[in-house]
Amino acid sequence: MTSPADPPIGGDSSGQKKVKLLAVTACPTGIAHTYMAAEKLSQAAESLGIDMKVETQGSIGAENVLTDNDVRDADGIIIAADKDVDRSRFVGKRVLSVGVSEGISHPERLIERVRSAPVHGGGGGGGSAEPVSGGGGGKERSVAYKALMNGVSYMIPFVVVGGLLIAISLSLGGHTDPKGGLVIPDGSFWMHVNQIGVIGFTLMVPILSGYIAYAIGDRPALVPGMIGGWIANTGDLYDSKAGAGFIGAIVTGFLAGYLVLWIKKVKVPKFVQPIMPIIVIPIVATTALGLFFIYVIGKPISWIFEHLTSWLSGMTGTSAILLGAILGLMIAFDMGGPVNKTAFLFGAGLIATGNQTVMGMCAAAIPVMPLGQGLATLMRKRLYTEQERETGLASLFMGFFGISEGAIPFAAARPAQVIPANMLGGAVAGAIAGMASVKDAVPHGGPIVAVLGAVGGVPMFFVAIAIGSVVTALTTVTLVDLSERKRRGAPLVDVPGGPEPVLVGVGATAGGAAVAAEALQKAPAPAPAAEASAPVPSPGPEAADQVLSGYLTEQTVKVQLAARDKEAAIHEMATLLATTGKVNDVEELVRTALRREAQGTTGLGEEIAIPHAKTDAVDSPLVGFARSSEGIEWGALDGTKAKLIFMISVPEAAAGDEHLRILALLSRKLMDTGFRERLEAAPDDAAILDVLREVH
């Protein structure tokens, strides 16, 4: 919790040095999540007046690498990653470690939390079995998950290179064989290209195993992990025709990693310690693991793998459609998250066995979410802001290249509408691909893989993508439209204690519908006629000088917000309210306000937003006001950015009449164009408060 007495995170007015933070972002594929998290963290830091440098560990390698000087001068380090990140360079620094999605969704919260994160005490170069605590409810992935994703991230380039080279060599150098399929002439140029691709596939399994082990046991585990993976893939060593494949590689990777960790704990004489990591541990672990796999677990695992492969290869008709639908649902559910990656690993791991149909199902589902959401912004433009429409165009581009994360901004803004639509479209695409036995020779999706010649059954591949994308788009616009219609259902609400009905909204814009609907749903019943006509007591001199019964004071007015996005603005407003001493939990107040935003935007349009929260994180009703000269994207349906922002917070006990009274009074006054202009022109907080005294 942030105390009201805490100085601003970027430094206080007494001139103390500016806070300097570092961050590392990484995801298993290193394509989208890595860079989205880096961008969000950088934007949040800039809005809070903090110096931040972000190292990205993407598919093209580490960029903007943190130097020793950077680490020495840093006040804290944020690691937002779903794969292994070397923490040995951060010894003695506060380290907050979370999943990469946290960096995208809650960058301001991470910047706040890193100040109280635990100090990293060392241990582990490439990986460690002891995760750094996130502190305060962090969501760092488990060691097992991160180790698995670390192996996948290193495996993918080998499968991509191998698969594409094999596909290109067959399409350009192969000829039809009477027995079926394509054959490349021996000794030809394309045969050599094909063999290079086969080498890439052969290395895939040892790489997966080796880097799973590396993420757990550091460098000493790399050799036993890779050799163990090679043994798992070489069935001749334990009387198996097909080997244990990627399932065996996963098993050997984890066994190697934890075996090395156990050996490290064995106490040895000092003269032996220098050779432990380069001689003793690798030799002992490799020998023990290899013999254990050959004589004990190799045959049972290979039996499971062979039967799984055989079952999948024999899938036709209804069973293939069902599998495709399930994989499509998984791919679309969290767009690059753990469920998505589980389905992806299943498809990618089977490519080396010759079963490319499972990856074909995944490949058809992968682009459906970004393509469908982009298409939705073109089909029903009025439902989206200008910024969302621009994001939609970018989403279409990302969809072509098979980057499903292009749909994340839409899912974050409207999860209740977008995620079900994504899953329905993904299931349809996967089912069609399964029915048509579409094949994909590389672990990637989207139209780009068909353009590069890696897809078998190209026409149906495009049909699956097209139908899935249209289903997603139609479902999205239908659900969003229904949601907006529900909010706009009844624009009038009786103000408690007031003689006339008040239109909740600004200039009758559609952007005020969310607030109108909430006020209408929870408004108290109208008073009887005789009671309504009773005279209203005149406020005393003290009450007349107050704004909104004293809930809004000069202390809760801010001339200019530093925040540049909605979440940061809500956090800054909550911190402003906390200066009254009546907020007992700033973070809970922020979470409640954001949950309310997830139900529907509180952007009224006409450059106004009224975020509000009903929570016991406040001891009494509070109202804050702040301006943003550049405006903040708030999701208003008229497309305007919020420049005049009110934040209302009331305890649960006052969540009825008082909450609605404040909301309605503000809504009525904000219909006055002159009032809004005076509010924008007021030069300081005292002048702003004078204008706000007109609200009664």
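Including glycine, each Cβ sits where the backbone N, Cα and C put it.
For reference, TrEMBL has these:
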COMPBIAS  120-136  compositional bias 'Gly residues'
DOMAIN    21-116  domain 'PTS EIIB type-2'
DOMAIN    144-489  domain 'PTS EIIC type-2'
DOMAIN    550-695  domain 'PTS EIIA type-2'
REGION    116-136  region 'Disordered'
TRANSMEM  151-172  transmembrane segment
TRANSMEM  192-214  transmembrane segment
TRANSMEM  244-263  transmembrane segment
TRANSMEM  275-298  transmembrane segment
TRANSMEM  310-332  transmembrane segment
TRANSMEM  344-372  transmembrane segment
TRANSMEM  392-412  transmembrane segment
TRANSMEM  458-480  transmembrane segment
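Using a Cβ-Cβ cut-off under 8 Å and counting only residues 6 or more beyond its ends in the same chain, the transmembrane segment (244-263) has close neighbours at 127, 129, 144, 147-148, 151, 204-206, 208-218, 220-221, 224-225, 228-229, 231-233, 235, 280-281, 284-285, 288-289, 292-293, 297-298, 301-302, 304-305, 308-309, 345, 348-350, 352-353. Confidence across the domain 'PTS EIIC type-2' (144-489), taken as the mean pLDDT and rounded to a whole number, stands at 85. Most Cβ pairs under 8 Å with the transmembrane segment (458-480) belong to 344-372, among the candidate stretches 275-298, 344-372, 392-412. Among residues of the same chain six or more beyond the transmembrane segment (192-214), those with a C-beta under 8 A of the stretch's C-beta atoms are 84, 126-127, 147-148, 150-155, 158-159, 161-166, 168-170, 173, 184, 221-230, 232-233, 245-246, 248-250, 252-254, 256-257, 260, 349, 351-352.
Tertiary proximity for the transmembrane segment (275-298) is limited to same-chain residues at least six positions away from its ends with a CB under 8 Å from its CB atoms, namely 219-221, 223-224, 227-228, 231-232, 237-238, 240, 244, 248, 251-252, 255-256, 259-260, 263-264, 268. Only residues 6 or more beyond the boundaries of the transmembrane segment (151-172), in the same chain, are considered here, and those with a CB under 8 A from a CB of the stretch are 27-30, 59, 83, 182, 184, 190-191, 193-194, 196-204, 207-212, 215, 249-250, 253, 341, 344-345, 348, 351-352, 441-444, 452-454. According to DSSP, the secondary structure content of the domain 'PTS EIIB type-2' (21-116) in residues is 40 helix, 28 strand, 28 coil. Break the domain 'PTS EIIA type-2' (550-695) down by DSSP state and the numbers are 64 helix, 33 strand, 49 coil.
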